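In TrEMBL this protein carries:
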type	residues	note
DISULFID	Cys157-Cys174	disulfide bond
DISULFID	Cys176-Cys185	disulfide bond
DOMAIN	144-186	domain 'EGF-like'
DOMAIN	187-228	domain 'EGF-like'
Amino acid sequence: VCSRQASLEWHLKKRSIQMNWTLKGNICRSVSECWNSQGIEESSDQPFNFPQICPVQLQHGDKMLMSADETLKPYGIKLLNVSKDNFESCSTNVQDQFLFPHNINESEPVEAKWLAPGHHYFIALHEGDTQLCKLGLRLNVSVKTQLCQGSPLLRLCSGNGVCQTGLWEGAYHCQCHHHYSGRFCEKFDACLDNPCENKGVCLSNGSTDPNYRTYKCLCPPHFTVNCSEVFGKENCERICENGTCVQMSPASFKCICDTG
């Protein structure tokens with residue numbers, strides 16, 4: 001019923017989301033219908049009472065417009081911001097506040113105060129009656145911020161990853177490309193795939209510049225690093241095919257052959 005991507009990528013341009021309150025569609029009746037997630041158990045962190053309008057996930061800064069369909073406009077409905085408990089039970093209390101001071105009619109923008117980061121719960125009322133909520137006219141909106149920049153002037157995930165969120169995550173985080181790590185993918189690890197051959201040990205200097213040699217190999221005795229450097233091989237490749245490379249003087253090396 002509700003089409004949901006497993007993960008969403010942060011978009012740099014702000015969007016406007018149109019939400020039409022209607023009983024004629026976009027109503028889901030189970031976890032799999034609402035979240036398109038088979039086999040996920042109900043969690044106390046998520047409101048799973050049904051039916052309800054397909055949940056919405058917004059990026060912080062996105063705008064939301066709300067309208068009512070043609071069958072509800074003449075009937076007259078107001079939208080109320082409620083707590084999670086009241087959302088689940090379709091009830092109200094004095095702390096709840098109306099999104100608009102009048103019945104919803106044409107498309108109207110939701111004030112930014114109702115779209116701060118976090119979960120927001122809205123229900124529809126007709127003359128104070130919550131029956132419409134019990135029929136499915138209630139909406140769970142998740143507003144997420146991104147934690148993908150160390151500074152607003154820096155690129156998302158340092159340009160070395162993707163800023164994204166999963167259905168059940170509370171914010172956008174960096175998923176780093178191969179060889180990169182750190183909260184903002186700011187660390188480059190050339191040793192991730194261990195380029196050192198013949199059981200050499202890779203040591204990374206942590207440089208973020210992949211064009212600069214960012215590691216060195218500690219080679220076992222038969223693949224001495226001095227021999228490797230002189231012969232232009234730095235990853236502990238075998239230099240003496242059937243023997244040992246031995247340093248004879250500061251600038252000369254010799255292969256000592258194995259028996260035979």
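Please read every residue number as a count from 1 along the shown chain.
Cβ coordinates are placed from backbone N, Cα and C, and glycine is handled just like the others.
The disulfide-bonded residues considered are Cys157, Cys174, Cys176, Cys185; of these, Cys176 has the fewest other C-beta atoms within 10 angstroms of its C-beta. Across the structure, Cys157 (disulfide bond) and Cys185 (disulfide bond) place their CA atoms 5 angstrom apart. Here the Cα atom of Cys174 (disulfide bond) is found 7 Å from that of Cys185 (disulfide bond).
Secondary structure of the domain 'EGF-like' (144-186) per DSSP (helix as H, G, I; strand as E, B; remaining residues coil): 4 helix, 15 strand, 24 coil.
Averaged over the domain 'EGF-like' (187-228), the predicted model has a pLDDT of 77.
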